[in-house]
Every structure is written in C-alpha cells, then in structure tokens.
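According to Swiss-Prot, the transmembrane segment annotation covers 26-46, 51-71, 90-110, 135-155, 177-197, 223-243, 278-298, 314-334, 359-379, 407-427.
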Amino acid sequence: MSIIAITVFVAGYALIASDRVSKTRVALTCAAIMVGAGIVGSDDVFYSHEAGIDWDVIFLLLGMMIIVSVLRHTGVFEYVAIWAVKRANAAPLRIMILLVLVTALGSALLDNVTTVLLIAPVTLLVCDRLGVNSTPFLVAEVFASNVGGAATLVGDPPNIIIASRAGLTFNDFLIHMAPAVLVVMIALIGLLPWLLGSVTAEPDRVADVLSLNEREAIHDRGLLIKCGVVLVLVFAAFIAHPVLHIQPSLVALLGAGVLVRFSGLERSDYLSSVEWDTLLFFAGLFVMVGALVKTGVVEQLARAATELTGGNELLTVGLILGISAPVSGIIDNIPYVATMTPIVTELVAAMPGHVHPDTFWWALALSADFGGNLTAVAASANVVMLGIARRSGTPISFWKFTRKGAVVTAVSLVLSAVYLWLRYFVFG
C-alpha cells in the first residue's frame, strides 16, 4: 500500500508543479485513487484528523472568504489602497514594505490565512491603480504571513498543533518564537528589493491616485460598521482561543453567518467570491497527504532521520531544522507537524537533558512555519494567495513562487539555527 501511496503522491505532485493541469482536478483525482485503492478509508476522509480532510482549515477559509466578500461591498479596500499609495508617495518599494509589515503583524495577531484573505484585495487594487504587476507584492506578502504567523500560538496552524501536544501557552510562543521572527523579518525586508525587481509605476496613474480622496471610496458606511463590529469580535475570539477553547473555524463561520443575515446582500453577492477551487484543492490535498500518514511513510522517514542523532542534542535540533523545512515544503506543514509531534515527544524523553526540552519544539515550529515558504503548496496561506491571484487574472506559477521561496526559506533557516544555538546552547 505504501508503494501505491508514494507513486500516486509523487505523480500528483509533479502534475501540480507542472502548472499544466488544474491542481484542483489533480488533487481530487489522486484523493479518489487513494480512497479507491483502500489506502484511506471513506470514514477516514471525513472523520480522521490526521488522514482525512482538516475541516477546521476548510471552514476557517470558507467563513473568512464570506466575510471578506461582504466587506468588499463597503469600499474599504479601495480606501486602504488609496491610503497606502499616498502614504508611500506611490513608490512601489515603500508600498511593498508597508504591506509586508501590515501582513506580518496581522498574521501574528490573527492567523496567516485570515490576513492573506484581507490583504490580497488591497494589494490587487493598489497594483491596478498604479499599473504595476501584482505578483511580486503578493509573493512577498505570503512570505511575510508565514514568517509573522510563526510568532504566536494562533498565527499558524502548526503552532496550534504543537502547543496542544507539548502543553505550551500563548506566552511561551511569544517569548521564544517572536525574537526569531523579528530577526527573520528584518532579513525579509532586506530581500524586498530583490523580490520587487524592476517594477515601476506609470507616472500618469501615480498623479491620478495621489489626487484621489480616499474617504470618497467608502460607499456603504452602514455595512462597514456592521463588518467592523463582526471583525473585531471574530479577531478577539481568535486571540482568546487559548482561553475560550472555541475553534477559529467555528468563530469564522459564526461571523460570516451574522454578516450574511444583517448585510442585506443577495446570496450571489457573497458566494460568488468564495474560492471554491481552493477549498476543493485543500480537501484533495489533505487526503493525498493522509495516505502517506496512514501507510506510515512520513513516520518512518522521520524516525529514520531522528535515529541518526544518537542522543546529541545540538545535532538533533539541527536535524529537525534540516529535515522539517524541506519536508513541510513538499507535503504541507499541517499534516507533517501532526505526524512529527509524537516523534518529538519521544525524542525529548530520550535526550540527556542538557538543554531545555522545549528547545526541540521551537526547532520544529520554526522549521515547519518557515518551511511553509518553500513551495506554492507548502502552507495554507500560499494556496489561498495563489488562488486569489489566479482569479484576478495574474496567475503565479509553481516554479516562479518556489524559486523565490527557496531563497527566503534558506535565509530563514540559517538565522533560526543561529538563534537556537545562541539562545539555548551558548547562553541557555
């Protein structure tokens, strides 16, 4: 069974990477083969957290997509777009820095998928107003979302899994992860000129945008107030997740339901903007990866790698960093972390105890979160952003993303390794 699972997964991944076939079709077809071959049971598809569809992710995306769709009808995205351009004096690099910082902060406080859903429409409007290619901006924002989301417990789904299995708190993540994220963010800002390239705004459009009054962009203040109230409540519930223990997916769906009820919009007004292709792609991808988990392929690889360390703590941390980032970049960091957590638990118990046991959890979190920047399908935020780009008429190819992502991931891992070594082995 494991040979069939590996063959189907590799073939499907190659087709997704080729950009020649709809990735949604590929994912659903591969998922159907996995189920048809008996690798993943029909019950597992719908009810298994490790081998089936992660409904928390699906419903979180659906709820936030509906909220963002309703929010579009207020004109607030046009307002923010004009404000950002004027604030940066229409300079593309300054605009990119501003949007990247907003994305990173939003991802840390909320979660990276929600932030991407909110920032992408603003970015597309800014680029459209200035007549510049939106691809560098969207790619940079995805990188920032994965980096910024690593800072807190609620910022990235893998962090939530790690916190649950290791008994870590919101404050633990803030104290131990945020410093590393700050260092990597500084490096990412330094890479922005390279990511931007030779993009320049059209002079005529710059003059037109600078002359606009952003307040005139708001054309439904009543709906904006309703959206604002719902978003504040939704975001507050996200932040209070460790206390309330209410799943973010449920919060997002409740928020979407309230907005739909009181917005006065027609059903087609908010459902037409939902990224149905993206949701179906995720469903298929979860089953594809679940087949590798179900057959024990991922666990066997992880165990074989960790046995090589022989109890050396520094080598173990380095191995976790070196293995987790590329593997997370290939099979999606959420199911990978779900599989690795019991293995790290065993590792912690087997170590001699010269460094704090949580060091291994921070290594897993940093490598899995930053590994999410490696490929176009490595993290939920990546898939969502590329789906939005495709629908806007500016598709981003798998390899265009990966060429940039490989560099950003490599820099992030080197800085993470130095951070872990200095903090926990030299000064710890």
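Cβ from N, Cα, C; glycine included.
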Q.
Is the transmembrane segment (135-155) in contact with the transmembrane segment (223-243), using at least 3 Cβ pairs under 8 Å (sequence separation of 6 or more) as the test?
A. yes
(Q) Considering only Cβ pairs within less than 8 angstroms, which of the stretches 90-110, 135-155, 177-197, 278-298, 359-379 has the most against the transmembrane segment (314-334)? (A) 359-379
Q: Can you tell me which of 51-71, 359-379, 407-427 gets the most C-beta pairs within less than 8 Å of the transmembrane segment (135-155)?
A: 359-379
Q | For the transmembrane segment (278-298): best-contacting stretch of 26-46, 51-71, 90-110, by Cβ pairs under 8 Å | A | 26-46
Q: Would you mind listing the long-range same-chain contacts of the transmembrane segment (90-110), meaning Cβ under 8 Å and 6+ residues beyond its ends?
A: 84, 116, 118-119, 122-123, 126, 130, 132, 136-137, 140-141, 143-149, 151-152, 154-156, 178, 181, 185, 188-189, 192-193, 195-196, 199-201, 206, 209-210, 235, 238-239, 381
